[in-house]
Each structure stands twice: as C-alpha cells, then as structure tokens.
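S.K.: Per TrEMBL, transmembrane segment is recorded for C:6-29, C:36-55, C:67-87, C:99-116, C:142-163, C:199-219, C:225-242.
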Amino acid sequence: MTTLLSLQAVTGGYGDANILHAVSMTVSDREIVVIVGPNGAGKSTAMKAVFGLLNVRGGSIRFDGDDITGWVPNKIVQRGICYVPQVDNIFREMTIHENLEMGAFLRKGDLSAAFDRVYTLFPDLKERRKTPAGSLSGGQRQMVAMGRALMLDPKLLLLDEPTAGLSPKYMEQIFQICRDVRGTGVAILLVEQHAKQALEFADRGYVLAAGQNRHEGTGANLLADREVAEMFLGG
Amino acid sequence: MDFLELVNFYIIPGLVIGSIYALGAVGITLVFAILRYAHLAHGDLATLGAFLALAVVTGFGISPLAALPIAILGTAAVAVGIDKVFYEHLRERPKIVTVMASLGIALMVRAVVQVIWGVDSESYVKGIVRPDVYFGLRIRDREIYTVIAMIALVGVLQVFLTQSKWGKAMRAMSDNPNLALLSGIDNKKVVMLTWIIAGGLCAAAGVFLGINTELKSMMGWNMLLPMFAAAILGGVGRVEGAVLGGLIVGVAEELSVLVLPSEYKAATAFAILLFMLLVRPTGLLRGKVL
Amino acid sequence: MELYGLLNYALFMGVFIGIYALLALGLNIQWGFAGLFNAGIAGFFAVGAYTSAILTSAAAEGRIGGFELPVIVGWFGAMGAAALIAWPIGKICLRFRSDYLAIATIGIAEIIRLVIKSEAELTNSARGITGLPRPFGDLDYMASQAAYLGIVLVVLAIAYVLVERQFNAPWGRMMRAIRDNEDAARAMGKNIEYRRLEAFIFGAALMGLGGALFAHFNRSITPEAIDPMVATFLVWIMLILGGSGNNRGAILGAAVVWIIWSVSEIATDQLPHEYAVKAKYIRLFLIGLLLQLVLRFRPEGILPEPLRGDLRHTKEGNRS
Ligand SMILES: Nc1ncnc2c1ncn2[C@@H]1O[C@H](COP(=O)(O)OP(=O)(O)O)[C@@H](O)[C@H]1O
Ligand SMILES: [Mg+2]
C-alpha cells in the first residue's frame, strides 16, 4: 500500500502559540485511520493543519506526491482532500441537494454521476433531497456533511468527530458508511471521541495528547495496550 | 374617509415608495448577509444612480426608463470599484471598521454628486403628471412601472439565487462562510457579484425615486433609514423579506400621517427599526442577527 | 489691525478645537474604549445645545423655557439630556453588533433634527434660541473671547482627567477586556450590555456638553448652526486620525483636523463664488478620502492606544 498522506513533525498553531508539537502521522491508500485523545489534545487542530487552516511553523505535509504545506484550502480541495469540520458542517438554509451541489462547486460539467454515487451511499438523503438541511436530525445532518465532502470524489476524506452527539444506532450507521466509502476507493482520516468503538473499526490509530504523538498502531494493538486503555479509554 | 380615499392617498403612494425602499433593502440585506456589515453608503449610491440616469436622459434625450439599464451598469461598476479600492483591504479587520469606511464613502459619493450636479432639485421630466383613474383608483403610469419593475428585478434575482450556480454560491456564503470556503467557493467572485447586484439595485431605487419625486443630493441618504428598517423588518439575508419590509415601511410611512404630524413621517422607519430590534430581531421571516 | 484679526481668529479656532476635542473624547469613550459605533454625534450635540439654551435663556413668547438658570446648570442639564436620549437607544441596540447601533444613531440624529425644526414651542424652529448668556460676556470683545477659551480649556482639562482616570481604573480595564474579547469577558461573568450602556451614556453626555459650550459661545443656537453629517464625520476623522483609544490622540486629532478644515475653508472662500461652493464639496470628498487613507495606512492613528499592560498586541483582531 502506498502512503497517501504524511505529516512529518508538524508544529504550528492558530496565533503565535504552537498547539501541535512535532506531530507525525500517515494515511495510506484506502485506509481508515483514527485519531483519538482527550479533549483539547489538538485532534481537530491536526486536521486543520492538513487542510491549510493553520500556521504551520515546522515540519511538512505531503499528499500523493506533493508537498502541500502552506497551500490554501481551495487548492487542497482541488488536489483531492475533502474535509468535514466538527461543527457547522452543513448549509442549513439550503436543501440537501443544494448542499451536495455546493460540495461539487469546483467540478465542471455534468454532476449526475457524483450525485448518483452519493445518493447510493446515503439513500435516506435522496428521498429528502428538497428538504432544507437545517431541519434534519443530527445523524442525517452528518450524512449531508459527508455527502457534500464526497461530491468532489476525493482521495482522502477528513472527518472530525462524525458521531459526536449521535445515538449508538446512528454511530454504527456512520461507521458502516465509512466502510462503504472506503470501498469506493477513498481513504479516511477521522477524529473520534468514542475511542473504543473507533479503534475497533479503524485500520490504524493514533493517540494524541497535549499536541503530541503518544501512541500509534493498529486498532487491535492499541486496544490491547494497557497504558492506552488506562489513560484514554477509561480503563 | 372612505376606503377608496384611503387606498388612493395612502396605500398606493405607500406601495410605490415601498417598492423603491424594497429595491434598496434587497441590496442591503445581501451585503449584510454575505459580507456581514451594514453598508452606510447604500443610500448615496442610489443618489449616484439617479444622477447617472439624469446625465443619460439629458445627454441623449431618452426617457428615464430607457436610461435605467445604463444607470444600473454604471452604479454596479462604481460599487465594485469602491469595494476593490476601499473595502477589500479591510476584510481581515473587524467588520465595524468597514462600516466606518462606508460612512466616509457615503460622504465622498455625495460630494461627487454635489460637485458635478450641484445641490438644487432636478427632475427627469418637467410638468405635472395627473393620475389616471381605474375603477376609482387613481394611479399614475410611473407608479405602475415602479412596482412592476421592482417585482421583475427581484423576481430575476430570486431565480438567479435559487437556480444558478453562482447564485447558490452567494446563498452558501451567506449561510456558512467557512464551509463555503472549504467547498472551494471563490470568495472574491461572490463578493464582486454581490456588489454588482447591490449596486444595480441601488441605481434602480434611485432612478425610481427620481421618477416619482425629484432628484436631490440628499435623496439617497434620506432613504437609508427606511431601507435598513425594511431589511431588518423582513429578516437580514431574506430577499423576499426585504421586499415585504420595504412595502410595509412605505405604507406605514404614508399612514403615519393620519396619527402624527407629517413632519415626522421619517420617524416611522426609525420606530419600526427599534420595535423590531426589541421584539423580534430576526425579522418577520427569520433572518440573521449579526 | 492685522494682528488683532489674527489673534481673534486664533481665539475662535481655539474655542472650536476645544469643543470638538470634547466631542472626540466622548466618541473615544464609546468607540475607542467600548467599540460602539455612534453615527449620530451631531444629534447628541444638538440636544445639549438646545437643552442648555432652554434652561438658561430669558423667557420668550410662545416658547417653553426662559428659566434663566445659571449657565452651569444649563451645562449639567445638557449632559443629562443627552444621556437620557442615549439610554433607551443603547438599551435596545447594545445587545447586538455595533452595526445596529450605527443605524439607530443615524436615526436618532435625524429625529432630533426633525424635532428641532418642527417643535416651535421648544426650540423656536428655524429662528432658534438667541440671547443666551455667556460667562464673562460683559467684558470687552477680545477679553471675553479669551475668557471663554479659558473656560473651554478648563472644561476640557477636567473631562480629560476624569476620562483618563476612568480608563486606567478597573472600569477601563474591564471595558477593554469586553471590547477585545467579548466571549472571554462574558464567560468571566461580566455584564457586557450594562458596561457598554455606561460607556455609551457617558460619551453622549460629553457630546451634549460640547453642544452647550458651542451654544453659549455663539450666544445662540439655530437648526442651521451645524451641518449634522459634516460635524459627525469630522469628529470621527478626528478620533481615528488622532488615535482611537488614546485620549491625548483624540484631542490632538481634533486640533489637527479642525485646523486643516477651517484653514482650507478660508483658502477656498477666496475663490470666485461659483467655485467656492463646489470647493466645499471637494473638501468634504477629501476629508472622506483622508479617513480611508488613515484606515488603510495608519489605523492606529497618530498617537496609538497606549499599552496598558492588559492589552494584547492582537487587540484589533479580536474585536468583532
Ligand atoms: N480557532 C482557535 N484559535 C485558537 N486556539 C484554538 C482554536 N481552536 C482550538 N484552539 C485551541 O487548540 C487546542 C486544541 O484544540 P482542538 O484541536 O480543538 O482539540 P480537540 O479537537 O483535540 O478536542 C485547545 O487548547 C484549544 O483551546
Ligand atoms: Mg475537536
């Protein structure tokens, strides 16, 4: 498997202060990688670093053969990474269909194949395509958000806590969709609060704390690690 | 006072002036929602539009309606230019700094009008137009044009916003600017488009105010408060709300004469504005509150 | 004769600079320290001018007032009246972003203008209120002008000291905390709306006082005495150019802008009438342009806001 995304010793933050301290991680083709860690560990910040939303002061970020450190989000989107933020990740006043359409904004020409693909992954959305996204339930909103990000047919999808605030049933459904998405050839890097379930379902995981790498390994290995279990999985 | 009198002397003039407010308020609501600041030079851009049309009317001897498209294009270009030269570099600063800049622009635009056209009242056509009577309703042609033009312009805008790619991009930017950027929507183009539309509608408001009343260098500034009241009454970001708000403010101003001395007509918009901020800041159609 | 004229002009200019400096100080409380946008300065100015005029003038036919109260009472009355007008506006608008306050203050200034023009029983409409007492007005002309300048300067000095003291007191620190990071201040349990209301009202009171000083200097006040838009805008450019957040900057800005404004007026008045009229608007255009240039190239003004220890360098970035 070839490496798709790699962060090498990335250091950076929002203002002058650094939030990330030499964080490194990789995601390979068609891989599902999860980042776990306590609140405020810098998980979201690591994602924003990839997406060009951070002042990166040290290290580099490579994607699919290019050094994308310092690129603007617009260019990164075009290069094949799509990002679903943790909050405010839909256009509330626009319909589901329009949300998806905005996701494909950079795409020229006929969008019907892209719509088909997303509606196949999310059949619920197709039925309600004319509904304003703001009126949907939390789980459905998350699907709209993911659908929007998938419209450009990215190589890598960044998901920031897609299951936050969802019921276990929806959580399982989102994880299943992640597997389906991976099945269409997309790699996924996601942040999860539900560390245990996420590590069970992901290929590999990273544990971040205080802006630094703490542990890494396959999901199963991390789950078996006594220290990880005590510190981050609630015993 | 019988019903017809009420309609003829208050409702009809109210709807006409309300349509003019609506044209301006739609631009204000778009700028408020997409760029996220109150644009205080909006009224004076309308003045500029009205006088640009006057130049065309006197220069080529055509009717003000025929001059309207030229005034719209000219004012839209000026609006885009003002944004590029004066507002664009303030974008990273707190929004209120741009509000301040726009107050200065209001003064500058007005000064340009005053230098070029002077401060006396002008009109597109001389003479008094008597209203025609339809089923007892007294209506002037120009009043019909005004309302129809407003409906047509706003209708076209609505189709643009709901059906076209860039129209949707404008709505997306108003809805969730961060996500719009993450989706690759070109902020600069959306901003430019917003100014083209807002500037064009300003010109239409100014020209129709000039057609129905007269042209003065203060005409637009005096409309600023009613236009903002209309935008907030309808709900910031809601185009149909701005239209509704404009019509309500226009009619309310005319009706206010029944209970207030006519000198205080202009206070109506202010009262509506404060009332809405007090009881329902999201406006009638649930807009944004910045 | 030449010298006499020049001296007279200098005294005149000094009084006006003092009055405008007071307005700029008032705006500094509102904008510089609380981030509140007041676009109706002329309205509060006019309320102050008329209030003091009504309280201190001699009785006249068909008009309320003529209480012949001491001038000092008129001045405190002016501050009180301006504050009283500011209160409800602030109460309604300060919950929102300052854009709404900007619009509402434009509105209130307009309403005040309408009231002044139409309510003859209160303001004597277009003819205005004349024959106002002036402290030391009985001295001979030059001495009286000089005495009035002295009074204006004393008032300005008192205002400056009081405002400066407030700014350095915990109150000022709290205001800056609110201005620079509203969310954090809110999280610390500060009553933001109430603090802002205080700042808005104090600022308005100073503007009212400025109006009163102006009226008594002219011994009269009429609706045409000032052009509301021009006056409001001049005060803004004074503060921004001088340095918002800096009281000395506000005063310096008032002096610089007023000197430019009135000297350019003298210069353009020499032109033939036709051009002189246009020149006024060209000057307005240029003053608007000056604001744009300052905002772009020197947003902190001539005298930047002093670093008071609690200020971070990212001050502006956090204001919203
Ligand atoms: N936009 C921001 N500006 C400044 N600091 C931020 C911002 N977002 C997050 N932080 C800070 O960065 C640190 C890490 O936050 P975040 O990456 O959101 O944590 P996590 O997602 O792991 O819970 C926290 O201390 C947080 O306060
Ligand atoms: Mg997070």
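Start at 1 and count along the chain as shown; that gives each residue its number.
Even glycines carry a Cβ here, placed using N, Cα and C.
Set these features in their place in the structure for me.
M.R.: Listed by sequence, the residues of this chain that lie at least six past the ends of the transmembrane segment (C:6-29) yet keep a Cβ under 8 A from its Cβ atoms are 38, 41, 44-45, 142, 145-146, 148-149, 152-153, 155-156, 159-160, 163, 199, 202-207, 209-210, 213-214, 217, 231, 234-236, 238-239, 242, 244-247, 249-251, 253-255, 257-259, 262.
Long-range contacts of the transmembrane segment (C:36-55) within its own chain (CB-CB distance under 8 A, at least 6 residues past either end) are made by residues 23, 26-27, 30, 64-67, 69, 71, 73-75, 77-82, 85-86, 94, 98-99, 101-103, 105-113, 116, 122-123, 129, 132, 196, 199-200, 203-204, 207-212, 214-216, 220-221, 225-229, 231-232, 235-236.
Sequence-distant contacts of the transmembrane segment (C:67-87) (same chain, at least 6 residues past either end, Cβ-Cβ under 8 Å): 43-44, 47-49, 51-59, 108, 112, 133-135, 197, 200-209, 211-213, 216.
Long-range contacts of the transmembrane segment (C:225-242) within the same chain: residues 20-21, 23-24, 27-28, 31-32, 39-43, 45-46, 49, 109, 113, 128, 214-215, 218, 248-254, 256-258, 261, 284, 287-288, 290-291, 294-295, 299, 301-303, each at least 6 residues beyond the stretch ends and with a Cβ under 8 Å from a Cβ of the stretch.
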S.K.: Report, as numbers and ranges, every residue of the chain located at least six residues beyond the transmembrane segment (C:199-219) whose Cβ falls under 8 Å of a Cβ in that stretch; write 'none' if there are none.
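M.R.: Tertiary neighbours of the transmembrane segment (C:199-219) are 15, 18-20, 22-23, 25-30, 33-34, 36, 38, 41, 44-53, 56, 71, 74-75, 77-83, 85-87, 89-90, 94, 101, 129-135, 137, 148, 151-152, 155, 159, 163, 166, 175, 225-226.
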S.K.: Can you work out which residues elsewhere in the same chain, 6+ from the ends of the transmembrane segment (C:142-163), have a Cβ less than 8 Å from its Cβ atoms?
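M.R.: Same-chain contacts beyond the ends: 4, 7-8, 11-12, 14-15, 18-19, 21-22, 25, 28-29, 134-136, 206, 209, 213, 217, 247, 251.
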